[in-house]
Amino acid sequence: MPSIETQSTSPPPLRIPHREASAHKGNFGRVLLIGGSRGMAGSIALSSIAALHTGSGLVAAAVPDCILDCVAGFHPALMTIGLGDDGEKFADPAWQSLKDRLSAQAAIGCGPGMTTGSGGATIVEGLLAKKDLPLVLDADALNIIAQNDWLSDGRFERSKADAACVLTPHPGELQRLTGASAKDVDAQVEAAAELACRLGLTIVVKGGPSHVAYQNGDGGKQVWQNTTGNPGMATAGCGDVLTGIVTSLLGQGLSGPDAAKLGVWIHGRCGDEAAARWSHAGMTSLHALDALALVADEMTQPAD
């Protein structure tokens, strides 16, 4: 096992960047969340709204046309981009409509609710080639990568000159990516650390507790262990909220490891606030999302 850096229950030393009085929305990152399908509109909506509440100045959701109106109705500040679909999910031409919009983004998150069809696969494949854009990959984006064995063909490798790439798998997704059993936490953390170090990625190993694996400054394996969060967060949509938080932090200029560590800590703190009010059994991802704005404010860098 690599050495594990354990964060105490006090707030981590990382902070969301301070907001100057003269700032405008363009100073806080334009981010794009990509995903959703018929029956899974809530996933991409949760991610996108989480990015708004974490402080992103502008957030857009790129979704199949068939769910555009549904996703747009979740929040009036959320911009939406409709892409070609087959009536259920992204169709193959969706990437051609999307790719010219990417250069304006400070960070991109992809995967929540997307399904693993060929249209989604074309989008993920295109994003992997854009190594100048900070990227978060979650959910079905990870399943697509596992199905196509894209971790082993070189397209994932990141140098220090490339933008950050953060993966946020749950245990089942990590098993599909690495072969490490979802029932063996130590094996999963070790596999994530090896993969992160080999390819220059940051990997969030979601669980109780969650870990963040990344390459340290000496090129070795580093693992950080979080201490916020609770079993009530094992509920639909909580992972989607994390995707939005980490994407927002990347868009505000944090590095991959810092965005992942601070994002996981904030996410768990939101879950703790929700559980205190609604109970472990009764809380939902919406309750965690409701706590996010105040928790993010607490974690913002104060003025000098």
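Every residue gets a Cβ built from N, Cα and C, even glycine.
Feature annotations, courtesy of Swiss-Prot:
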type: REGION; residues: 1-21; note: region 'Disordered'
type: DOMAIN; residues: 8-299; note: domain 'YjeF C-terminal'
type: BINDING; residues: GLY113, HIS170, ASP240; note: (6S)-NADPHX binding site
type: BINDING; residues: GLY239; note: AMP binding site
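Known features from Swiss-Prot, placed on the structure.
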residue: GLY113; record: (6S)-NADPHX binding site; DSSP (3 states): coil
residue: HIS170; record: (6S)-NADPHX binding site; DSSP (3 states): coil
residue: GLY239; record: AMP binding site; DSSP (3 states): helix
Taking the Cα atoms as reference points, how far is GLY113 ((6S)-NADPHX binding site) from the residue listed as 'AMP binding site' in Å? 11
Surrounding the recorded (6S)-NADPHX site, with Cβ no more than 8 Å from the Cβ centroid of GLY113, HIS170, ASP240 and those residues left out, we find SER43, SER47, GLY111, PRO112, ASP138, ALA139, GLY237, GLY239, THR243
Between the residue listed as 'AMP binding site' and HIS170 ((6S)-NADPHX binding site): CA-CA distance (Å): 8
Which residues in the same chain, at least 6 apart in sequence, have a Cβ under 8 Å from the Cβ of GLY239 (AMP binding site)? PRO112, ASP138, ALA139, THR168, HIS170, LYS206
Between the binding-site residues GLY113, HIS170, ASP240, whose Cβ has more other Cβ atoms within 10 Å than any of the rest? ASP240
Per-residue pLDDT averaged over the domain 'YjeF C-terminal' (8-299), given as an integer: 94
